[in-house]
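Quick look at what TrEMBL lists:
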type	residues	note
ACT_SITE	H226	active site, tele-hemiaminal-histidine intermediate
BINDING	G62, S63, G64, H65, K113, D118	substrate binding site
DOMAIN	11-341	domain 'DhaK'
DOMAIN	381-584	domain 'DhaL'
Amino acid sequence: MAFPAKKLIDDPNNVATEFIDGLVETYPGLQYLDGFPQMKIVLRADVAYATYDKVAVISGGGSGHEPSHAGFVGEGMLTAAICGDVFASPPVDSILAGIRAVTGPMGCLLIVKNYTGDRLNFGLAAEQAKSEGYKVETVVVGDDCALPPPRGIAGRRGLAGTVLVHKVAGAAAAAGLSLADVAAEAKSASEKVGTMGVALTLCTLPGQVTSDRLGPTKMELGLGIHGEPGAAVVDLQPVDVVISHVLKEILSTETNYVPITRGGRVVLLVNGLGSTPLMELMIVAGKAVPKLQLEHGLAVDRVYTGSFMTSIDMTGFSISIMSADPPILQRLDAATKAPYWPVAVDGNRPPAKIPIPLPSSRLAKSDEPRSRPLQINEQGQILEAAIEAAANAILNLKDSLNEWDSKVGDGDCGSTMYRGAKAILEDIKTYPLNDAAETVSEIGSTIGRAMGGTSGIIYTIFFKAAYTQLKASPHSDVTSKQWAEALTASIAAVSKYGGASAGYRTLLDALIPASLVLQEKLDIGNDPSTAFVLSSEAALAGAESTKHMQAQAGRSTYVSAEILSSVPDPGAMAAASWYRAAALAVKEKKYKS
């Protein structure tokens, strides 16, 4: 059984007037004529017909296409928009009232989409206005490229390309041009633009049930903005294929709807039909630009992506292509206060991508390739032994870490740490071991590339913070005191960005006691390798003590105290294990030397 779609609508008969209420409350530069509900006219709040000294640009049509047309009222674009009921042309009296409200001695231009009701109603209003002494010109826009050349009087439908004509005409009027010149520019722009739409679903008229004509596996090419049938109903196709078809139809040399040839320049407008997410519209834009460049040999000077002329809640998009030249671009780039015209699009297009910047330290040392030295000094040998021992300790602890983590987390701590350790053992062949600071930085890079997960981020922060502290020294040899300071800096960075501190049941509960003991033993004159080993015992004790802590960070916060008391924190145990292994390796290396 079909039900009406869920909507934020109380009375389907009032949607147009309630839309205008919200619009003028949102944008103080807009107001409406006091003629609700029969007259639905949005106009610039700064324009009074008696004193307005520029050509007024007026457009409109049925509601349901928002933000068209009222959303494009503003200085530099439309002076007024005449709104009808949903998908219904506005009545003649409304159009005439709009003309009277904003038209001064310079006259007004009516921009009309090519639908029979719009042409007739705007046409009659124009004739009546002329009989009252107003200067009025009309430009009809028919930019539809989906259907073959018309044989009758209906002509091509007006679609989203009309918005580009609004912008050109509005900018020309704002520049002070005469009515004849504004109309000429608008007419020229309308003859240079072509549009084709693609619908995945049909629209839902307020208070009615959505048609299932397309079903779950079909799409419609060339569907009109009122849901009227298009050129063909076809099976769903990949977006890449659909875009190629749409561009081919718009730029067809057989219909010659858009008079442009290879080597020309164009403007691209990607328009959402109501329910298409911006992400998907950007995907369309990102694929359309290179196709225009490579398949059609056209330079793309401007790209406008968003919802400009919708069909209520239809899912789909339309593409408009306008032939571009410097005068057109000048009008499109001109300033406007219309609330729904996209900002930050004007100007020449820089390259879409630029090279990834390298760290300044790497640029400064570009003549020193970062690789394993041919001869490793004593400090480098000790550092290598410590790194290998620490990594191997993690490899051996993988299953235990996973088992602990399966009880208090998501069960992958061991696997995550294993990936990082394995990558370090592979990359150590290229580490600049004679330079301790740079080696620590490379460890951080290895972890950032290979480890993944929250642990990967935490350890990357840990080693990058240590590197920053170590590189402050101008010497490649690092003293035991500097190592201790680097450990303190790393702990501080992890605490700062991760939010944890002592007692939170994290790896810091192993590293903080280790750091305190290391500093203490060094301060009283202990041998550095002995101090390192003693601090590693503190790390192990700290990790074991996490059994008695209530988690305050990570997934363990959702685990009961009873379960937590049965296992230590896996992250703390991992940290204590590699720290302990590194300390014993340093002690052994020192003893042998």
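The backbone N, Cα and C atoms fix where each Cβ goes, glycine too.
In TrEMBL, annotation is done automatically, which means it is predicted and not curated.
Fewest Cβ neighbours within 10 Å among the binding-site residues G62, G64: this applies to G62. With the fewest other Cβ atoms inside 10 Å of its Cβ, the least crowded of the recorded positions S63, H65, K113, D118, H226 in this structure is H226. If you take the Cα of H65 (substrate binding site) and the Cα of H226 (active site, tele-hemiaminal-histidine intermediate), they are about 9 angstrom apart, rounded to a whole number. Excluding the listed site residues G62, S63, G64, H65, K113, D118, the same chain places G60, G61, S68, H69, C83, G84, F87, A88, S89, I225, H226 with Cβ atoms within 8 Å of the centre of the substrate site Cβ atoms. The separation of H226 (active site, tele-hemiaminal-histidine intermediate) from D118 (substrate binding site), Cα to Cα, is 13 Å. Taking the Cα atom of each, S63 (substrate binding site) and the residue listed as 'active site, tele-hemiaminal-histidine intermediate' are about 10 angstrom apart. Across the residues annotated as binding substrate (G62, S63, G64, H65, K113, D118), the widest Cα-Cα separation comes to 15 Å. Within the model, the domain 'DhaL' (381-584) carries an average pLDDT of 89. G64 (substrate binding site) sits 8 Å from H226 (active site, tele-hemiaminal-histidine intermediate), taking the CA atoms of both as reference points. In this structure the C-alpha atoms belonging to the residue listed as 'active site, tele-hemiaminal-histidine intermediate' and G62 (substrate binding site) are separated by 9 Å.
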